[in-house]
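Peer 1: As annotated in TrEMBL:
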- 20-44: transmembrane segment (TRANSMEM)
- 22-439: domain 'Major facilitator superfamily (MFS) profile' (DOMAIN)
- 64-81: transmembrane segment (TRANSMEM)
- 88-106: transmembrane segment (TRANSMEM)
- 112-134: transmembrane segment (TRANSMEM)
- 146-166: transmembrane segment (TRANSMEM)
- 178-197: transmembrane segment (TRANSMEM)
- 257-277: transmembrane segment (TRANSMEM)
- 297-318: transmembrane segment (TRANSMEM)
- 325-344: transmembrane segment (TRANSMEM)
- 350-372: transmembrane segment (TRANSMEM)
- 410-434: transmembrane segment (TRANSMEM)
Amino acid sequence: MAEKRPNNYFDDIPTSHRQIKVFMIIVLAYIFDQMDNMVLGYVAPSVMRSFGIGMQEFAPAQSLYFFGMMLGGIVAGVISDKFGRRKAFMLGCFTFSTATILTGMTDNIYTFTLWRVITGFAVLGTGAISFTYLAETISSQDRSKWSGIVVGVGHISIPFIGFIAMEVVPMGPEAWRWLFYQGVIGYIPLVLAYFFMKESPRWLIANGRQAEAEAVVEAYTGVPVDLTAVAEQYRKTVAQKLTVAQTFKKIFDDKKYLYRTLVLFCVAAGQNIPSFVFLGWNTTLLQQIGISQADSLLISTVGALGIPLGVIASGYVGPLGGRKISIGVQILLVGALISAYMNVGTNVTMLMILYFLFQFVSMCCAMCLNLYMSESYSTEIHNTGTGVVIAGGRCSVAISQQIVPYLFAAWSFSGVCGYIVALCIFGGLATLLLGWRTGNASLESVS
């Protein structure tokens with residue numbers, strides 16, 4: 001038997017083919033997770049016509065979806081910190097797949113909204129757990145690169161669902177339902193995770209299971225490691241296992257983590273609201289200003305091609321400036337692109353180009369921000385802290401989704417875009433002036 005070497009989890013160990021196989025399970029989960037997440041943006045006008053309602057009556061379905069996300073971010077963090085990343089991941093896959101299928105079977109806006117809330121709950125929860133799992137099972141040197149690659153490949157579903165929508169939605173007034181029935185394929189990563197995904201070694205160390213943690217690192221990398229030093233460091237840092245109440249108390253009572261949480265709330269709002277408002281309402285708003293159904297679906301679909309490319313790019317630009325500079329500049333750039341978007345009228349070509357650039361930069365920024373959040377909390381409050389911030393960001397989105405129809409009614413397309421630009425300026429400046437540097441540092445040294 002090879003002698004164990006002292007090591008800080010996966011640091012300084014090349015990413016192995018075994019790790020990549022597990023990352024592919026997360027890729028599959030992301031593909032199906034994001035298909036469920038993004039489908040409403042393409043079918044919203046058809047759903048409104050099917051139920052005989054307008055934008056203001058439909059707004060709660062958009063808004064409450066993000067309240068579901070808010071709750072999912074908090075609850076998933078608690079469940080994953082208490083029961084483990086692997087079990088929470090599988091539960092999330094089961095829930096978002098089932099809820100998506102049931103959404104397609106509804107016959108009124110009320111049950112439709114209910115299942116969308118549950119879908120949002122599971123989509124955000126699964127996403128938050130996936131980010132944490134990735135951050136905890138990749139070396140500090142490769143964390144940014146592989147997180148960007150894994151989630152970027154996973155996001156190919158977003159333009160894919162757009163191309164499907166372009167073919168399916170025009171088939172008939174109820175054809176939109178088939179885009180929700182695809183939720184059945186979300187059970188695939190659930191089954192694969194059950195057989196091939198192992199628990200996060202950092203979570204195992206946090207729960208006093210050092211031998212299992214060492215076995216996971218060796219199983220993934222082929223390198224026998226001795227985690228005694230990191231286990232002792234963890235025990236010194238946390239004298240006892242935290243209860244749920246103690247976890248939240250540490251987040252909001254510890255001055256360092258309270259400051260980070262409040263700043264991250266501001267940054268998340270500045271990034272999340274622009275991204276999700278346009279994902280949810282762009283097709284509808286374009287049709288409201290005179291763009292045809294075919295052209296509005298085309299603009300949204302071509303724009304969505306920028307999403308996986310932006311996510312992959314985040315692995316290379318994310319660490320720049322300790323991550324905070326990269327995030328702040330990107331949020332401000334999103335605001336500039338939206339400002340241009342609202343001034344090109346009904347020029348379909350320019351709308352496609354600008355929407356593509358917006359999605360590229362916005363998703364690149366989102367991925368950088370997700371890692372930034374994961375790097376900002378210590379292991380025992382890692383997922384809960386990240387979940388709280390993500391939940392706060394989704395809460396701000398939920399409120400914004402509700403007021404979009406009223407902004408449009410009062411000031412048309414420019415009113416919605418102007419609101420988004422103002423939020424980008426707020427979020428970008430908050431990041432640049434109040435943020436802290438993380439980048440390629442180990443999770444232990446940053447938190």
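Glycine is no exception: its Cβ is also placed from the backbone N, Cα and C atoms.
Just so you know, TrEMBL annotations never went through curation; they're auto-generated.
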Peer 1: Look at every Cβ pair spanning the transmembrane segment (64-81) and the transmembrane segment (112-134), keep those 6 or more apart in sequence, and say whether at least 3 of them are under 8 Å.
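Peer 2: With 3 or more qualifying Cβ pairs, these stretches touch.
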Peer 1: Please work out whether the transmembrane segment (257-277) lies in contact with the transmembrane segment (112-134), by counting C-beta pairs under 8 angstroms that are 6 or more apart in sequence and asking whether there are at least 3.
Peer 2: no
Peer 1: Which listed range (20-44, 88-106, 146-166, 297-318, 325-344) shows the maximal number of Cβ pairs under 8 Å with respect to the transmembrane segment (350-372)?
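Peer 2: Ranking 20-44, 88-106, 146-166, 297-318, 325-344 by Cβ pairs under 8 Å to the transmembrane segment (350-372) puts 297-318 first.
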Peer 1: Under a criterion of three or more Cβ pairs within a distance under 8 Å and sequence separation of at least 6, are the transmembrane segment (88-106) and the transmembrane segment (410-434) in contact?
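Peer 2: No, the transmembrane segment (88-106) and the transmembrane segment (410-434) are not in contact.
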Peer 1: State the non-local partners of the transmembrane segment (410-434) in its own chain: residues 6+ outside its ends, Cβ under 8 Å from one of its Cβ atoms.
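Peer 2: Residues 263, 266-271, 273-274, 277-278, 281, 285, 288-289, 324-325, 327-332, 334-335, 338-339, 341-342, 400, 404 contact the transmembrane segment (410-434) from elsewhere in the chain.
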Peer 1: Count, for each of 178-197, 297-318, 325-344, the Cβ pairs lying under 8 Å from the transmembrane segment (146-166), and report the range with the highest count.
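Peer 2: The stretch with the most contacts is 297-318.
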Peer 1: Let me know the model's mean pLDDT on the domain 'Major facilitator superfamily (MFS) profile' (22-439).
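Peer 2: A mean pLDDT of 87 is what the model gives the domain 'Major facilitator superfamily (MFS) profile' (22-439).
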